[in-house]
Amino acid sequence: MSLDPAIASRLKRNEAGLFSAVAQERSTGDVLMVAWMDDEALARTLDTRKGTYYSRSRQQYWVKGETSGHTQYVHEVRLDCDGDTVLLVVDQEGAACHTGTHTCFDTDVLLAVE
C-alpha cells in the first residue's frame, strides 16, 4: 500500500522517516494519545479507518486495539500547518492508553486552572 503522492509531498518527516500522530476523541475533544507514523502507517489508516501506527522500539506497524480490543475508528485525518504532525479524530472503544486509562494525559497534571 502506498500513500497518495499529493499527501506524501506535504509531509515533513524526521531523520527516521517518521512524523507524530495525535489521536483526539471525536465525542469529547479529549487528546487521547500521541504515537508515530510513517507513510505506510498513514496509508493504512486512510485505507482502513483504523488507527495504525509505527512502533519505534519494535520497528513494526501496530493497529490500535488489535490485541487489546480498544480500537480506534478514524473519522478525520488532518495535517498540521508545518506538515510534521497529523491529527486523527477518532471514536475510541475502551482505553486509549496502554496503562488502561481513557487518555495518556490524565495522570500527571503539571499546570491547571486554579
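Numbers here mean position along the shown chain, with the first residue as 1.
Using the three backbone atoms N, Cα and C, a Cβ is placed for every residue, glycine included.
Model, not experiment: these values are computed from the prediction.
Taken verbatim from Swiss-Prot:
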BINDING   D80, D82, D84  Mg(2+) binding site
BINDING   C81, C97, C104  Zn(2+) binding site
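A map of Swiss-Prot features onto the structure.
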{"residue": "D80", "record": "Mg(2+) binding site", "DSSP class": "coil"}
{"residue": "C97", "record": "Zn(2+) binding site", "DSSP class": "coil"}
{"residue": "C104", "record": "Zn(2+) binding site", "DSSP class": "coil"}
Counting other Cβ atoms within 10 Å of each Cβ, which of the binding-site residues D80, D82 scores lowest? D82
Taking 10 A as the limit, how many CB atoms besides its own sit near the CB of D84 (Mg(2+) binding site)? 14
Other than D80, D82, D84, which residues of the same chain sit close to Mg(2+)? List them in sequence order, counting a residue when its Cβ is within 8 Å of the Cβ centroid of the site. K12, F19, L79, C81, G83, T85
Close in space, distant in sequence - C97 (Zn(2+) binding site), Cβ under 8 Å, 6 or more apart: L32, M33, T103, C104, D106
For a quick check of packing: other C-beta atoms within 10 Å of the C-beta of C104 (Zn(2+) binding site), how many? 17
Around the C-beta of C81 (Zn(2+) binding site), how many further C-beta atoms are within 10 angstroms, looking at every protein chain? 6
